[in-house]
Amino acid sequence: MEYIKVIIVGGGVAGLAAAKTLGRDVNYVLIEAQNYLGGRILTVDAAPDLTIDLGAQYVHGDKKNTVYDICDELNILLSDDEESDDDALIVTSEGKYCKSEILDKATDLWERTRNKAEEKYDDRTTLSPISFADIVPKEFQKRLLSSSSFSKDLIQPFIDYFMKLEMTETSCLSLSDLNLIEYLAYEDLEGEYENDLKNGGYRPFINYLKSFIPNDKRIRLNCEVIRVKFMEDDRKLLVEMNYLNQQCMKTIICDHIIWTTSLGYLKENFHMIFADEPKLIQQKQNSITNIGFGTVNKVIMIYKKKFWSRHINSIVLLHTKKDLSFEISDELRQQLQIERVDSDMFKEIVNMLFHYDVLPSTDIPVLICWFVGPTAIMIENLSEKLIGQVCHEVLCNYLNIVQEKYQPVRILKSEWHSNKYIRGSYSYSSIKSTKHDRRQLQASYAPDGIRRIVFAGEATHEHYYSTVNAALETGILAANKILSIIG
């Protein structure tokens, strides 16, 4: 039976950071169930000279920030000179254009509303949890109504827009499940909130982390851990694995495990994998249940020619009509029938379309459309052709342009919830969760008084979970815990 000192489970950023920190001299292997390294960072070649990040695509913060420093050293950050002007194209259901200043004003009021909520609820940690949806949207509405900048027909559309934007930021299933007090305690990374990457995305960053792994024998792709048991007599961990490509089972004995899989994967598999460790289950089951883990998906549309101005970096749709019906193409109507998308499903998709980002890292015209909540999960069952055509035709309808004239040449979409090894995008503080849950999720398992299983990953970070930084930092921390034991 094979013996390895340390097994790292999960080949995302946390697992790769742990491997880098352990160093060449430690006898370790990195186990990854998928056929690539990166986890929720997935960079794909979408066209000649065009890469797309289907998962994480921003570097958050730029001060005292390891992820930023690595990306800066690799020269993969988009400079201010290379980015497009910071202008949004804002259009209503009737095809009326709003000045970008009105979005700036609404953004300022939204941030003021959140700041006011923080002042009011920041010290109420001992009381029962409060839902984000119960407080912030209502207060935001009051501010919009009291402002002379917004006509009545724009009030609800702006509320809907910012609620969807907040769901995108947090990945929550609904704002009713977002814990306001925990949300307000979230710590943003210092500096610029979102830094764009050059064409190539996060791929060089993942390759950089991988370069510290001495050889490919230390990496085992397509290999799923299905059972972990601590053997008291031997004081070792028994790890059973399914080698997916070889369709066979193998067992490894080890002293320590660094566990870095997504919270979504733990929610579905934790009890089964650790069935022989009731104390571990008791230690973590509440945390795994309580912390939220949602889905954000992207639909990427690649065009041959731009139909928006060069200075535009995003397109905002304000749904000022309750009836969102419009004339669709015969091709789309036929595709809807083929895939059995009824009118209610179609309306749900159309209603979710609120924001298109222009990809700034390339001269090739690319739009990224964001889906959140239940709709994000629903579109995973639809073809790229169908969902891309819906996104395209809705946009053209708003902009009052002929959709046949500017057909996308390729459509891509992410499917993070369907991925059984991830099951979503990133964690959030649900109405049930507290900081204690994240501490418990990160807590090591020491059945014999020695840390045998340590946990890492963005969901285990107490302050800026959901980010690449959180994954990197917790991976490093987990490896250092092991190093403090083995020397």
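A Cβ is built for glycine as well, from the same backbone N, Cα and C atoms used for every other residue.
The structure displayed is predicted, hence computed values, not measured ones.
Residues or ranges marked as domain 'Amine oxidase' by TrEMBL: 13-483.
The FAD binding site annotation in TrEMBL covers Glu32, Ala33, Val225. The local packing around Ala33 (FAD binding site), expressed as other Cβ atoms within 10 Å of its Cβ over all shown chains, amounts to 23.
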- Message: Quick check: with Glu32, Ala33, Val225 left out, which same-chain residues have Cβ atoms within 8 Å of the centroid of the FAD site Cβ atoms?
- Response: Val9, Gly10, Gly11, Ile31, Gln34, Arg220, Cys223, Glu224, Met241, Thr261, Tyr421
- Message: Excluding near sequence neighbours, so keeping only residues 6 or more apart in the same chain, what lies with its CB under 8 A of Val225 (FAD binding site)?
- Response: Ile7, Val9, Ile31, Ala33, Val239, Glu240, Met241, Ile273
- Query: Around Glu32 (FAD binding site), how many other CB atoms lie within 10 A of its CB?
  - Reply: 26
